[in-house]
Amino acid sequence: MEPFCPLLLASFSLSLATAGQGNDTTPTESNWTSTTAGPPDPGTSQPLLTWLLLPLLLLLFLLAAYFFRFRKQRKAVVNSNDKKMPNGILEEQEQQRVMLLSRSPSGPKKYFPIPVEHLEEEIRVRSADDCKRFREEFNSLPSGHIQGTFELANKEENREKNRYPNILPNDHCRVILSQLDGIPCSDYINASYIDGYKEKNKFIAAQGPKQETVNDFWRMVWEQRSATIVMLTNLKERKEEKCYQYWPDQGCWTYGNIRVCVEDCVVLVDYTIRKFCIHPQLPDSCKAPRLVSQLHFTSWPDFGVPFTPIGMLKFLKKVKTLNPSHAGPIVVHCSAGVGRTGTFIVIDAMMDMIHSEQKVDVFEFVSRIRNQRPQMVQTDVQYTFIYQALLEYYLYGDTELDVSSLERHLQTLHGTATHFDKIGLEEEFRKLTNVRIMKENMRTGNLPANMKKARVIQIIPYDFNRVILSMKRGQEFTDYINASFIDGYRQKDYFMATQGPLAHTVEDFWRMVWEWKSHTIVMLTEVQEREQDKCYQYWPTEGSVTHGDITIEIKSDTLSEAISIRDFLVTFKQPLARQEEQVRMVRQFHFHGWPEVGIPTEGKGMIDLIAAVQKQQQQTGNHPITVHCSAGAGRTGTFIALSNILERVKAEGLLDVFQAVKSLRLQRPHMVQTLEQYEFCYKVVQDFIDIFSDYANFK
């Protein structure tokens, strides 16, 4: 626009000059009309021309000034169009270079604490218009750059220690290491002290270690007497390094003067817990080794934030449980040490505030910790996620139980009236029915061609976790089956929850089993119940049967109490292909202990079934377990919920029936469909605890 403005002014000046010269030339007939002979009077025409040209000159001058200013403003803002991710959020390292626009001269808007009883309504209001008010609130936060200096971080010797050039610790809050002899600036690490809700320096927010800063990282952990490390990034995301692996996979490794030995590693569906024994390797050191726990949250997606805050809340509780009261600051890091790190710290602090004051003040707390480390909580989506986590915590609280308290809890549930005039168990289940069914995420299942493949049109998979089949050449919609991936206790997508096959979907069923390498099928319905078809018989009674490119041959059929165990030899042969046939053994566990109406009378049969399935999985490699009843929700959800709950009881001595079922309902609608089925989950857990000693082989 800039070249345009001088050109415009030049042409205007030329026009003005030409107009002035016209007074000295003889006008033509087409220019003038006169009733008198001779030239016109210049005194009458010149003022008229001036009055016409002056407004035009003023207008052009204003336009030129506007375009010049607009051009300058555009230069001041980084063009981020090429850096946008699919959900519109900039990735951490990209955002770090975005220039901040100047604040409104009227000053930042004030946001007040929110009483917890108003939290749900406030979130609803802020979420309207695509979270417009959340964005406004987030954009009103101070950046934190103005309040501090960064002299140490910007020293030439320290620049290579920073993962990102403009994510730096303030001088007044940086973690200071002991100075190493002969090494200038060896007291520097990109890490900052961060306060908790009431506790000063409760956390250390750090960047993910680089290869050249790993030694400094462990030196910091030792010198600060930290017993807990919280890791909120994966080592690589989208093929880019986010954090250097600063621990050995097994055995011991020495980082600088700190020896780190792996003591234990427990992998769960949302996070991994590693235990390290660390000890300084100095000639005159006689200090005792220390135990350090690393809790690595693995469910933060490459883009945006977790789909639900449930996993983060469970993770945060585990951090609180494992961190000793006498220990130094909790070390929290992601990649840059501001976005996910800040989100975690704010949720922790606001949960403490709920306990203490029954209110939250997210805006004030984020503003405060940004004075300690700039850009903490890096995106408006992370900021919104904090509120969602706090609402989840307020609405549902902590429903986790120790196994020793289960019996007392059940007595409370069955005997306590609520303000809804229902017993506690019914009220707990009522909360589950409030989990919203996300119909906007069911587009594929609601296509006309796919609706014909559903037994119950209300029970179809969400798009984000549906099981996808290979597309048949030239045949639309052949990648669809009414089946959802469901997380297990230790492994994501451990189950495939599906309906009982229909006659025209049985080929898709076997394609799913084959393509996803499922060696285990759990069937929780009869082929017919109450004279109604519940499931097409998708296996042969004897010999073999072929569905599409897959042949199923029955090899054995045995009945053990209430479970039929059938072994199938499954053969895949692609027509016209030169490759050899592929074969695989698949075992079906057909549970006959579920009555046509209601629930099983006792839990032992379900415990036996889960134990048998787990044993089969250990022998075949833990590929997805195919689970179905008729619609793929009620009994299917109950089996999966109990599998996850009992696995946790064995591993941790803890259970959370409510959150286990709630998590399933977020992955497939109507999982654990009735109050009876929900109560049955509690009953089976109680039976399992009572007879636990008889099931040592369950492990």
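Backbone N, Cα and C atoms are what each Cβ position is placed from, and that goes for glycine too.
The substrate site recorded in Swiss-Prot comprises ASP302, CYS334, SER335, ALA336, GLY337, VAL338, GLY339, ARG340 together with one of GLN281, GLN358, GLN372, GLN378, namely GLN378. In Swiss-Prot, the feature N-linked glycosylation site is attached to one residue out of ASN23, ASN190, namely ASN23.
All protein chains included, CYS334 (active site, phosphocysteine intermediate) registers 27 other Cβ atoms within 10 Å of its own Cβ. DSSP assigns GLY339 (substrate binding site) to a helix.
With ASP302, CYS334, SER335, ALA336, GLY337, VAL338, GLY339, ARG340, GLN378 listed as the residues that bind substrate, the site has a largest C-alpha separation of 16 Å. Its Cβ placed at the centre, GLY337 (substrate binding site) has 29 other Cβ atoms within 10 Å. When the Cα atoms are compared, CYS334 (active site, phosphocysteine intermediate) and CYS629 (active site, phosphocysteine intermediate) turn out to be 42 Å apart.
In this structure the C-alpha atoms belonging to GLY339 (substrate binding site) and CYS629 (active site, phosphocysteine intermediate) are separated by 43 Å.
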